[in-house]
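Chemist: Relevant sequence annotations retrieved from Swiss-Prot are reproduced here:
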BINDING   Gly300, Ala301, Ala302, Thr303, Gly304, Ala305, Gly306, Gly307, Glu308, Ile309, Arg310, Asp311, Ala701, Ser943  ATP binding site
BINDING   Asp702, Glu741, Asn745, Asp941  Mg(2+) binding site
DOMAIN    1099-1348  domain 'Glutamine amidotransferase type-1'
ACT_SITE  Cys1192  active site, nucleophile
ACT_SITE  His1313  active site
ACT_SITE  Glu1315  active site
Amino acid sequence: MMVLEGASALSPFRRARLETRLQTLVPALRITGAWHVYFIRPEAGQSPDQATLQRILQANAAPAERDADASSRYVVPRLGTLSPWSSKATELVRGAGQPIQRVERGTRIDLAGWPDDASAQAAVAKLLHDPMTQSLLGSAAAAEALFNVPDPGQLRRVPLDGLEQANRDLGLALAQDEIDYLRERFGALGRDPADVELMMFAQANSEHCRHKIFNATWTIDGKPQERSLFRMIKHTHQQTPQHTLSAYSDNAAVVEGVPAARYRPDPATGQYRSEAVLPSAFAIKVETHNHPTAIAPFPGAATGAGGEIRDEGATGRGGKPKAGLTGFSVSHLRIPTLPQPWEAPRALNPRMAPALDIMLDGPLGGAAFNNEFGRPNLLGYFRSFELAEGPGLTRAYDKPIMLAGGLGAIDRNQVEKLRLQPGDAVIVLGGPAMLIGLGGGAASSVAAGDSAEALDFASVQRENPEMERRCQEVIDRCVALGVDNPIRWFHDVGAGGLSNAIPELLHDSGVGGIIDLGRVLTDDPSLSPLELWCNESQERYVLGVPQARLEEFAAICARERCPFAAVGVATAEERLVVGYGVLDAGNRESGVGNRNGTLVAADTASHHSPFPTRDSQLPIDLPMDVLFGKAPKMHRDAAHPGAPQWPVLQTASLDLQQAGLRVLAHPTVASKSFLVTIGDRSVGGLTAREQMIGPWQLPLADCAITLAGFDTFEGEAMSIGERTPLALLNAAASARMAVGEAITNLCAAPVQTLDSIKLSANWMAAAGHSGEDALLYDAVRAIGMELCPALELSVPVGKDSLSMQAQWQVGNRESGIGNGETPQPSASTIPDSPFPIPGETLKSVSPVSLIISAFAPVGDVRTQLTPLLRSGEESELWLIGLGGGKQRLGGSVLAQVYADDTALPAFGGEVPDLDDAQRLRSFFELIRDARDSGLLLAYHDRSDGGAFAALCEMAFASRQGLDITLDAWGDDAFRSLFNEELGAVVQIASEDRAAFADLVERHALTECAQRIARPTGTPRIRVSGQGRVLAEWRWEELFDAWWSVTHAMQKLRDNPDSADEERALARDFKASGLRPKLVFDPSDDVAAPFVATGTRPKVAILREQGVNGQIEMAYNFERAGFRPYDVHMSDLIEGRVDLSAFVGFAACGGFSYGDVLGAGRGWATSILERSALRDAFAAFFARSDTFALGVCNGCQMLSQLKDIIPGAEHWPRFLRNRSEQFEARTALLEVVESPSIFLRGMAGSRIPVAVAHGEGRAEFDSAVDQAAARVALRYIDGDGAVASQYPLNPNGSPDGITGLTSSDGRVTILMPHPERTPRSANLSWYPVDWGDDSPWLRMFRNARVWCG
């Protein structure tokens, strides 16, 4: 093992933060230093060049000196695992020609004052590392264990009379009737099952995978029910099948879209092209990943996002993920620096991450995966909820909801899968198998606390989004072949790993298969058959390809550097045979890292070839119907619970001034900015509405909108609805409200008909907890049989997670008492005390929870509505309430913020409900018609926090004050302001009052719609009623309450100085916001005369593995008159493409090699460490007739090639943002006078631009270099001054520098993303007088002019 030491691993503020936490345990403990350490295992008998390794890793051979009084600890990836960092870095170092098996990274932390006491050492260790993902070592030499390979695991046979014990030991979560079924089937086969067969059966038949409860028969309160839950959901599609192309039969549903043209490279020539305008389709899917997120929030949420992305990609014969959504429901946050009166102390489950950790780390994991894969996340929700119900029982989201969903494009001719034929190759596409995520399907199907802690760890997965990007590129290349797509049928690999995915692939086509485990790619030779077959290593797909197309498929994979293995063959006999060497060796050569197998014909395979286990039998040899045929069907016998006991909130004693502040500060209502700015929202170039709105960029959009293509203004919209706390009082109402809220949110988009809206329903419940099963049935029936059919809404896709409970004994980390009905609470519980007694059994149970995601095609996206109030004309705000005159407060946020920890909270009473479905239809049609008539200036739905929250948010977004008048809304100001009935607030011009009132009357909603407020220019919000002022707040006072959660979370998670700077700017009523200024006319196409000549210069759209911004880059160049070509670095390395054939190239944005060695460094290394490639680039830059553009990752890469770029010697390097966070913002740029060929005639302009990067802070070698560098773009504030304040300057670059050019202007690099906004509609906000062409299109047209 070689050990090299790198740069400092902790920034000053992170070091100080960690030291402060350590000193709460050991006051004398000090951190004296922290460094990255690289552990390298060379190939056997090989000696890597140490100087090259040091250059690539930016490391030193000698470690930093340790203080005399300090000792070192090493934080490394958990022993026995392979980190995502290692996967990508090892590939990069090998690609540079270095003979290594693996490189791994850890952190050396030097500490002075290390305690002698063992218990203190253990406590400190817990702060230094996360035992779910890391190990803590006492020396660098101990890291040798990272590379230890245990002896290969062996196959085990389980006696039929030992199935119950195996069920417990392996965490199979099998019911007794399933165990009896297995005993019967294997008894008939005359043999004992193998452990791998049992695990495969458990995964394939887990609640997570087979939805046994949703397919069960039911008896409720002694009465048999006619329909299963799933049958009631399917009823919605039966009643409204129109506009749905695929339902319940694939990884995602597919619905009709608008006419559009796909833009992608020609598979034969590589030239980008717009295809014919055809009716489009889009896939919709929403998943949850609750159990893994509860155990390890970052990887749990990351792989949740990754799994849903794969679902969209594996729809039909290949989809393309386009835009994502996310959501979290957790218990009280209990932020140490922001204590809240409604957050009572409570003992928490020691086996699960607390809510605060989940919300600090989980969203980062989900965002990081989306960012690196290259999918914008445009929508989300966040709920914090916790409520005492009785002794030892809390209704809460200790087991969180982690929602991951989205929509993807799919060609109409790719929607239907083709059945596999006998002889077809079974392929695993993607990364290698590792011992991670073992048993996740079964683990997520049981209550937390019912499985051993070691099984909790085993069920957590690890993420590698850059690998998933490569897989998607392969899928895209196959789909581009149209009817010649070699993929017949495929699935993503998720719960259960290959043991679920491959049998599903075969079963769905009515075939069997022979699978050779020896051909499965793995980075761990110690895996037993069970571990190899059942692990849930991520970023994998299984697919069927005809044998005759294997060579073609292999060439596509080789170009994308995407590993794959042909592991088996389909057979006519419906039998599954899995073993080692069950297929002839054939040709085992490969084109990607010696990992691709080519199969021989099926009839040469032997069922009983030798393989290396201690057992002479095959690991798996079963008829397919053992897995899919006649397993026992579940029956549920349920009874309704008694009436809820929570008292009703009495508003007479409340203070309105205080109530307003508390409601806005509740995390469910408060600003979600800290959850939004970490996620890229512009990648792909097709975003038309993200969360941020207006010149002041607040996250208040009601829905997300994407464009169907680059040449249309039509597209798709999606929204979320959820009102889960209401289910504790009325489960059916909660379900109706979720559907209603999804619709009121979606009304902000130009949706034309209700029947075009398709819903995804995600159901969560604590199955088996007293009364919950009956409430779940009520909720499903309420929307499946009643509401959705009445409104012509269908639910063609969904998911359930029915183990939403956690139980534990105080002081016993290993406790768990089964997945049955709720145990009787311990008699030792003291009802009035928040402090439990050791040994006491506690339980946390979530409400029945329905999350609705709504999707629909939309018309002209330029007619969308947002909560941004229009200023400059007399206007008024109207509230349209759908409660039928009722103002029900049961379950409201107002009730939650007045929880009393000495008694049951006053949460009860009648809840909001959708009493009349047709009233919602009338509302939808009113908003549609008013928008089409141009009557609506702004729109915001009413939800958590009531009309008061909606009005305040509109005021915040617009830097407006409000005069709110309640005279038309009753005598109780609390009910008027804080009821959460369905509805919306709209802004209309005062002169349009009569026209709007007439339209309201025509839709029979006159009694539902009244004026409620008037915008003012003063920084105050006033509420009046009954002829007097009831309350008045300063604008900043309310804003501070609303921003408090974001500020506190940012200070804990990010650079606290950055958090303070953003708060100061955000709360400034007089802040300028985005103030664009143009010195040119974007509609003037300066390239038109050159394009008219018919000459289109060739430009290479350059990408490396992990790059994801090539499509939008190509489109901009094509719009400007170029011929763009898709060029992968592998094309240049292998000589398929010659760089000299192009007049220019663009290095695109993304995460090349996952940015493992620093952003862009891996890409640059792949050029600089290959002499031929380095020479080719140097020759290209030396020519006077060429140009180059580097954006984001391409900018970072080109900055490291400055030694071979003439006139670039003063360029900086780009390092971690000052906030130490990925920053996705819309920032204001000034175009600086420079020689850049891209920016001619634009100097002096101030233009909003999309920013999305984690390492954009420019650092120059010296002040001389900074002064001499040719700056082309810089961040400014709304008044035109150079921006130094965060987030106006999102990365902390000196003087706001974010774009530079070479001395002759031919090579320009910039960190922001002008290529993502070729049209004004792509911008988060733009002035109303701008035309359709974005100012940034001028950059590309300037390049065309330069070419002549």
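Numbers here mean position along the shown chain, with the first residue as 1.
From the backbone N, Cα and C atoms, a Cβ is placed for every residue, glycine too.
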Chemist: Calculate the distance in Å between the alpha carbons (Cα) of His1313 (active site) and Arg310 (ATP binding site), and round it to a whole number.
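Modeler: It is 26 Å, counting Cα to Cα.
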Chemist: Including all protein chains displayed, how many Cβ atoms other than that of Ala302 (ATP binding site) lie within 10 Å of its Cβ?
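Modeler: Around Ala302 (ATP binding site), other Cβ atoms within 10 Å: 32.
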Chemist: With H, G and I counted as helix, E and B as strand and the rest as coil, say where DSSP puts Asp941 (Mg(2+) binding site).
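Modeler: DSSP assigns Asp941 (Mg(2+) binding site) to strand.
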Chemist: Consider the binding-site residues Gly300, Ala701, Asn745, Asp941 and say which one has the Cα lying nearest the Cα of Glu1315 (active site).
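Modeler: Given the candidates Gly300, Ala701, Asn745, Asp941, the nearest one is Ala701.
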Chemist: Just checking, which of Glu308, Asp702 (binding-site residues) has the fewest C-beta atoms within 10 Å of its C-beta?
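Modeler: So among Glu308, Asp702, the binding-site residues given, the one with the fewest Cβ atoms within 10 Å is Asp702.
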Chemist: Any same-chain residues 6+ apart from Asn745 (Mg(2+) binding site) with CB under 8 Å of its CB? Would you list them in sequence order, or say none?
Modeler: Asp702, Cys703, Ser719, Ile720, Gly721, Ala854, Asp941
Chemist: Of all the Cα pairs drawn from Gly300, Ala301, Ala302, Thr303, Gly304, Ala305, Gly306, Gly307, Glu308, Ile309, Arg310, Asp311, Ala701, Ser943, the residues the record ties to ATP, which distance is largest, in Å?
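Modeler: 32 Å is the greatest Cα spacing among the residues binding ATP.
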Chemist: As a test of the contact definition, list every same-chain residue at least 6 positions from Gly304 (ATP binding site) whose Cβ is closer than 8 Å to its Cβ.
Modeler: Glu287, Thr288, His289, Pro292, Thr293, Gly366, Met402, Ala404
Chemist: Which of the recorded positions Ala302, Gly306, Arg310, Ala701, Cys1192 has its Cα nearest to the Cα of Glu741 (Mg(2+) binding site)?
Modeler: Ala701
Chemist: Please report the Cα separation of Glu308 (ATP binding site) and the residue listed as 'active site, nucleophile' in Å, rounded to an integer.
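Modeler: So the Cα of the residue listed as 'active site, nucleophile' lies 26 Å away from that of Glu308 (ATP binding site).
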Chemist: Do me a favour and check the Cα-Cα span between Ala302 (ATP binding site) and Cys1192 (active site, nucleophile); whole Å is fine.
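Modeler: Cα of Ala302 (ATP binding site) to Cα of Cys1192 (active site, nucleophile) measures 23 Å after rounding.
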